[in-house]
Structure formats: structure tokens, C-alpha cells
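**Student:** The annotation region 'Disordered' is assigned in Swiss-Prot to 1-43. If you look up Swiss-Prot, you'll see 26-36 marked as compositional bias 'Basic residues'. Residues or ranges marked as S-adenosyl-L-methionine binding site in Swiss-Prot: G74, E97, I98, N132, A133, L152, T230, E231, E232. Residues annotated as active site in Swiss-Prot, with sequence analysis given as evidence: D155.
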Amino acid sequence: MDVDPVNSEMELDNKPTCETVPGLPQKKHYRQRAHSNPHSDHDIEYPLTPDHMDWSKQYGDYAAGRQVEFADIGCGYGGLLMRLSPMFPETLMIGMEIRVKVSDYVNEKIQALRKHHEGAGHYRNIAVLRSNAMKYMPNYFRKGQLSKMFFLFPDPHFKNKKHKWRIITPTLVSEYAYVLREQGLIYTITDVKDLHDWMVKHLNEHPLFERLSDDEMKADPVVAMLYESTEEGQKVTRNDGEKWPAVFRRLPNPPL
């Protein structure tokens, strides 16, 4: 799949936020390893069920009458959330990040952006949670709640014995199918061809997902955001690396 992200409109959308915002955290103070052991999460607090989750802690009164619909899994420094927020201002989006310092950075950046745009109410629809999506996804989201899920430049876990730690596995794909509504979309991108093939294989093999065609991907404005919105994506570009995107649609459940 080769979707060209380089045209004037997409370049504008993909540029990192450059506005001067008082109180923005400095990323150099929040540096952490690029990836984290998904089993090192013993101090994470999570809701017993989605009914126990109080989203007002993340969104304030903006959560009233709304439910989270977009989930960026392993959101890193939150670049995708910042890009999608003005595109879908009425949609609640959550970034899930297991690394403590990184999730703290994203939260402080969101708070600073909200304060700076307080009169206009921008960025109230995005938030971050420190959580392990590999373990606790059904604790946060109800069946069919999400309309979009994002897996951007996930940890490739190169060693064969660690493939079970990859964020796309047969078991996890079934969980994603549970929380994703019919016609919902899973977006993936990586600079590791082996990981791309792995993710495509397991999503293709699941009976509740089908891959979008090239034309469907080109028609989706969100696809352009996958390439450059994240720090990892920008790093791949600087190193002249190749990026492999794929998008999958959640199919209706088969009749009983």
C-alpha cells in the first residue's frame, strides 16, 4: 500500500504544532525509553468495568452526554491526538500510554493547550491515560463503543520469543473487535516491514475485519495523519525510512 502523504494540504496538517503556548512542558524533561515492557504495569489503577470509569476526570464537563470514540494505543507524546482534535472537535479521544513520564508529558501539554485556548474551548476532547491496553481494554470500553483505533509505530519486539508481546495478536484482535463498533476502523503504520506483514496477517485472518482498498485509504483524510503526526514517524522521515500503513474495517457480527 503506497499512499502519498506529500501534498500541500497534508503537509500543513502534518506539521508539528509550532504555536507559542505558555506553560507547555519541555519534552527533554520527560524522556524515557522508546518502548516499555508491557508486563511492568503493577502500579496501574484501572476500572473494574466501563461503568466504573469516570471520564469527567479526563474531560471535565465536556464528557457529559459523550463517550470516548477514538483510542490511540501507545500514543507516545500525543502528536496524533493534537492533530485529530480540531478535525473531530465533538469526538472524545483517549491516548493510552504505559510509560509514566511520557503520559505525564502528554497530560501537561493537553492542560496547557486547553488553558491557552480556554475561550475557544479547543483540545477539551482529548486526554491521556497511563494504562496497559494489552490487559485492560475491556475495563475501559463497552462493547462496540469505539469507532477508531490507532496503532502507530508500535514496538516491533524483534525476537521471536517476544512476538507474543506485540500489540496485534489473535487474542488481542478479538478484544479490539469487541470494543470496536461495526464499520469502525483500525489504523496501523510501522517502519518495520516484518511487523507490518505480521499485523496485516493477523487482522486479515480474523473473521470480523477486512482491509481497506488503496482507494478507500486515499479517500480517508485521517490516513494522512498517520505518517508525520508522531515523533516516531518524524524520526523515520529524517532517516529516509519507509512507512507501511494498513487500515481495517470492523465487519458486522455473523448471524447466529
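Placed from the backbone N, Cα and C atoms, the Cβ positions cover glycine too.
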**Student:** At its widest, how many Å does the recorded S-adenosyl-L-methionine site span between Cα atoms of G74, E97, I98, N132, A133, L152, T230, E231, E232?
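**Tutor:** Result: 20 Å between the two most distant Cα atoms.
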**Student:** Near the Cβ of D155 (active site), how many other Cβ atoms are there if near means within 10 Å?
**Tutor:** 18
**Student:** Do me a favour and check the Cα-Cα span between G74 (S-adenosyl-L-methionine binding site) and the residue listed as 'active site'; whole Å is fine.
**Tutor:** 9
**Student:** What is the separation, in Å, between the Cα atoms of I98 (S-adenosyl-L-methionine binding site) and D155 (active site)?
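**Tutor:** Distance between the two Cα atoms comes out at 12 Å.
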**Student:** How far is it from T230 (S-adenosyl-L-methionine binding site) to the residue listed as 'active site', counting Cα to Cα, in Å?
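**Tutor:** One finds 14 Å between the Cα atoms of these residues.
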**Student:** Same-chain residues six or more away whose CB lies under 8 A from the CB of A133 (S-adenosyl-L-methionine binding site)?
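**Tutor:** The answer is A71, I73, G74, M96, I98, I167.
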**Student:** How many whole Å apart are the CA atoms of D155 (active site) and E232 (S-adenosyl-L-methionine binding site)?
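**Tutor:** D155 (active site) to E232 (S-adenosyl-L-methionine binding site), Cα-Cα distance: 11 Å.
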**Student:** Using the structure shown, find which entry in G74, I98, T230, E232 (the binding-site residues) has the sparsest Cβ neighbourhood within 10 Å.
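**Tutor:** Relative to the other binding-site residues in G74, I98, T230, E232, E232 has the fewest Cβ atoms within 10 Å.
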